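Features of the protein shown, as given by TrEMBL:
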ACT_SITE  175  active site
ACT_SITE  216  active site, proton donor/acceptor
SITE      218  site 'Transition state stabilizer'
ACT_SITE  338  active site, proton acceptor
SITE      338  site 'Interaction with DNA substrate'
COMPBIAS  435-446  compositional bias 'Polar residues'
DOMAIN    545-594  domain 'GRF-type'
């Protein structure tokens, strides 16, 4: 009996060790054979202040998609565009500087074989484009151009190994427009962008590629994705949410864990349950609350987690069900008003041997193909210039660069003409202006604008004749030295009172203004302080809010309307739900103009 128990214990230990070894082996193999994608609205490329390579490495992903870079091609520097170990792809806003923009960074081990800017195909002027644009009959040519003009999409296409089979994976990095309530045309623009995105994604899916759509969609899908859905009027009637309902496959908790096999058609789409794509976060966390990705920085709402979930990783149904192993948000990562969202797949990436033409390393300014300064000073063969012009540049400023580099000889002639013009004068123009300024009447001090003029200064002005004013520079110095000395003394005295510079001006000041005694220094300071307070009105003292009894914070209305520019006081605490006692109370008070 005892021997049987010993054998059972040994057998249990052996099986436990085997199970533990199998779990560790499975995890290590999973880590080796998986790929990771991340999306993050960085609210400006300057978010990576500690260095973009360090930031990318810390995210530890194969494909990193960022939105709202706020960089145009002329502002893109080499440190941002060329990162060791990565190849990058940028889309820029054509209309506004410091606005919109997206970028995708791929590790060298995840180099795509095709890449493209925009959703319409109108920005494609190079080899290695993705293709599959779908049906654009619902859009006018002007609409298509406007929808791609703000730098809101980058598409990369990769080869992956899924279940020992090589397949194509297309990653669409998007920054969807925000619907400004004050601009009805932007609401329509946003809906048109959604339709164009769906058209392109479904066309790629129909062509046989797996598709991931990720980025800032700028719409919270369900009430669970919003901090206070009761605040929004007709939450479910929002056009953006209606579009998401049709775009996404509505999964139930039973479907999420259903292991039954489906035929190929039902895996791609289920007409009963809606669209062809899956919200991967809700696929793994169907009922998690307070899972937000965006907070208002103006109200400090991140401290109370008063936000929305508007950043997503969407995947086609088959890919989400068969290849995705995890997805989650990263609210602990700061630096932006959004946080990153990541997803992990069990398939492995097959890198291309060469990046596609859209890669930033091929841009002339980074590839060492820009014209040098010497090209503008020597004669260049026009045939070589024309042959270079026929080659399309992959960026948004192709036409401008062509015009600048078209005629280097003309630039040299213009430069020689400028040199001839400047050689006629011996003294530089800047020095002439400086000499004239020194001989003119000295500039008054700041105090002279707030105090009455002195009587002796007025007397000197009356004594000055018209001939002395209109005479030449040398005659003024010789004939009006005595009359202008009192004026300059008065001005120097004013300057002394502001800056207190030299002892010599103190002596000149004595005959203009009486000097206070040493014992009256405190009274002098008080008088000066009172004078400046009467001239420069500071902010009014803040009242205390009624909810917490704490000093309020001063705000200014920046929204267009009758109250624009007006100031008001609100509770200084961060914004939060009304039921949260640590959040901002509802105190509000306009600033009285008389104060």
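Glycine residues also receive a Cβ, built from the backbone N, Cα and C atoms like all the rest.
There are 28 other Cβ atoms within 10 Å of the Cβ belonging to the residue listed as 'active site, proton donor/acceptor'. Put simply, of the recorded positions 216, 218, 338, the one whose Cα is nearest the Cα of residue 175 (active site) is 216.
Taking only the Cα positions, the spacing between residue 338 (active site, proton acceptor) and residue 216 (active site, proton donor/acceptor) is 9 angstrom. Taken residue by residue, the domain 'GRF-type' (545-594) breaks down under DSSP into 0 helix, 12 strand, 38 coil. The C-beta environment of residue 218 (site 'Transition state stabilizer'), restricted to residues of the same chain at least 6 apart in sequence and closer than 8 Å, consists of 176, 177, 178, 179, 190, 240, 310. Counting every protein chain shown, 26 other Cβ atoms lie within 10 Å of the Cβ of residue 338 (active site, proton acceptor).
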